[in-house]
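Chemist: This is the feature table in Swiss-Prot:
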- L116, G120, H121, L122: (6S)-5,6,7,8-tetrahydrofolate binding site (BINDING)
- K225: N6-(pyridoxal phosphate)lysine (MOD_RES)
- H224: site 'Plays an important role in substrate specificity' (SITE)
Amino acid sequence: MLLKAKDKEVYDAIASELNRQNSYLEMIASENFTSLEIMEAQGSVLTNKYAEGLPHKRYYGGCEYVDIVEDLAIQRAKELFKAEHANVQPHSGSQANMAVYMAVLKPGDTILGMSLAHGGHLTHGATVNFSGKIYNAVYYGVRESDYLIDYDQMYKLAKEHKPKMIIGGASAYPRVIDWAKMREIADSVGAYLMVDMAHYAGLIAGGVYPSPVEVSHFVTSTTHKTLRGPRSGFILSKQEFAKDIDKSVFPGTQGGPLMHVIAAKAVCFKEAMSDEFKQYAQQVVENARVLAEELLKEGINVLTGGTDSHMVLVDLRNIGITGKEAENRLGEAGITVNKNAVPFDPLPPTKTSGIRIGTPALTTRGMKEDQMKIIAKIIAKVLKNYSEDTLQKAREQVKDLCEAFPLYKELKDEICV
């Protein structure tokens, strides 16, 4: 390996991370494992090329081959999600959201998004984020009775505040979202509807979660998470907004696009069109449902009583530990999750009363329902009966699962510390 000889410190860190991914159960809902083909595209010579502008309308010469790549990514994104227009240049989901806002909103305009404390995202109007600083953000949330989105509240807030844009989508909401209802509410006050489908994009591509594309003015997303691509973003819109969106991305919010990442996105979109990916998306949801059911059997409080997606939200208050403690305990056992606030959480975001658990990465490794049943029992034991003996047994079970479902065997044979 060239890197090993040139910079062993970086090489060793990469090798250690490969070993960590291989030897832990990755259950952070926003993480996944890309294919080697996607990594190959992202590590290609396209990283050398500047290509400001759009395909065939560049501000630099020598773009004939990167134009081919970006054209492929655009056409595949449109085909995959049945969209009229696609811009594949945003470097991230946050930048995709920023570009949409800046395309049709002015500073001080009112936006109505899901409360971060109830499962929304920073870029949907959180006060600590640019979206909450530039725009007048109002928040809808979930009902305390069942933790499902309160569409009646959304309607009342829309009528009261007359937002210029309503934002759908979430980072911690396990159930199906009624996009059509959101569009109905948006239309009632003359607002745009933007849906951030970052968490659900792979499930939507696989046909196991409702698509927001037809009913939304704008749809943004990341390409990692359930879509299993590189860490990046893209925007879908109606054709009437195409020019405004493209100008808002460049020169509005970004300079040169990352052509090596766009190549990886093109590969990602092609992979997501396959029958294998549809089966994968279905398995992700089935795994999450079984995981939720088994956790409930073990006395773990699963919010909303289950899931329709790739994630399971757990309220730990009946166990008497915080999300931070749970994250650390499971990490000691070899299971990676993240602490997560639950709706109406009395604890600060640095501690939280819950954790978020996801199945995309383990499903990529080939794990199915039987493995989810085993993992649910491990999680419950570690959370409820924390001891060195419990941890030791959990580590052994995790090791057995990881060895039975190896990750990146080709790389592991090449890279070792």
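Glycine too: its Cβ is placed from the backbone N, Cα and C atoms.
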Chemist: Using CB atoms and a 10 A radius, I'd like the single residue among the recorded positions H121, H224, K225 with the highest neighbour count.
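Modeler: Per the Cβ count within 10 Å, the most buried is K225.
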Chemist: Residues near the (6S)-5,6,7,8-tetrahydrofolate site, L116, G120, H121, L122 excluded, by Cβ within 8 Å of the Cβ center?
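Modeler: Everything else in range on the chain: G113, M114, S115, T123, H124, G125, A126, N129, A170, S171.
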Chemist: When neighbour density is defined as the number of other C-beta atoms within 10 angstroms of a residue's C-beta, which of the binding-site residues L116, L122 has the lowest density?
Modeler: L122
Chemist: Please give me the CB contact count at 10 A for G120 ((6S)-5,6,7,8-tetrahydrofolate binding site), counting all chains in the structure.
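Modeler: For G120 ((6S)-5,6,7,8-tetrahydrofolate binding site), the 10 Å Cβ neighbour count is 24.
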Chemist: How would DSSP class G120 ((6S)-5,6,7,8-tetrahydrofolate binding site) in three states?
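Modeler: G120 ((6S)-5,6,7,8-tetrahydrofolate binding site) sits in coil per DSSP, no helix or strand.
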Chemist: Take the C-alpha atoms of G120 ((6S)-5,6,7,8-tetrahydrofolate binding site) and H224 (site 'Plays an important role in substrate specificity') and report the distance between them in angstrom, rounded.
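Modeler: Answer for this pair: 18 Å between alpha carbons.
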